[in-house]
């Protein structure tokens, strides 16, 4: 039996939605409706130190003002940490996760000694210092071994998405994005063993999103292009955990006046929902859809008909 389409929008309550996040929300909602599927909302508050109290309610109100209503009650990652611990425990038992004692300075020093002192999108490529043990130091975090997956055949996908082309060959992960086309990444070389649980006890986005997508039966992930770089890590985690890989569609970014990506970190203005149709029309144009007049409901219906991603 073919799985029903299930999509999701997963905002972090570190600030209100802005114009860029509405693009991802609208695209994921339209994709679900165009496929006669379900659209879920998940509040990604696993990074608790960065979350702002009450911001989850603000985000849900912004979505509602724009006519974007979930088909099930929202879920909060902060209430699901037991699931993430179970997944981490499974990886530890399999020898795929290990404790790490390294600070950022330790990693920079190790990379410098190797002549590889380089950062990728601000991230340091972890050199595997603690793979062989802590050597008397105290573990600060848990990392995933990225160099052990050798399968060279099509990967398991959700039944709905069997046409997706996914492959892991010689540690290089290949996948097809519905908008960006063929993609690949050598995770061990370009990312290194990445963190699953931080020194402060918080689980990372990579582990939480993989566990939640599987638990909620997500068939299609529609999100901003700034998150495309995470896809290979998530596919690797899915396969390590024996979870299906959904299809991925990464939407265009909204850029600021100087060409920078709009984000909460660089002070993007909160989404103004006093005129929701104006906000939605701006998001629709980014997605290549025509502007609509009239009601919000009428515009959403027209865009569902026009959606062909």
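Positions of Cβ are set from backbone N, Cα and C atoms, glycine also.
It should be emphasised that the depicted structure is a prediction, and the values quoted were computed from it without experimental measurement.
Among 33, 57, 223, only 223 appears in Swiss-Prot as part of the L-glutamate site alongside 8, 9, 10, 11, 12, 44, 205. For the ranges 251-255, 256-260, 261-265, 266-270, the feature annotated in Swiss-Prot as motif ''KMSKS' region' maps to 261-265. Taking 8, 9, 10, 12 as the binding-site residues under consideration, the smallest Cα distance to residue 100 (Zn(2+) binding site) is found for 12. The Cβ of residue 130 (Zn(2+) binding site) has 98, 99, 100, 101, 102, 139, 143 as same-chain neighbours under 8 Å, each 6 or more residues away in sequence. Beyond the motif ''HIGH' region' (11-21), the same-chain residues lying 6 or more positions past its ends with a Cβ under 8 Å from any Cβ of the stretch are 41, 43-45, 47, 50-52, 55-56, 58-59, 62-63, 224, 253-254, 261-264, 268-271, 279, 282-283. Each of the binding-site residues 9, 126, 205 was scored by the number of other CB atoms within 10 A of its CB, and the lowest score belongs to 205. In this view, residue 44 (L-glutamate binding site) is surrounded by 21 other Cβ atoms within 10 Å of its Cβ, with every protein chain counted.
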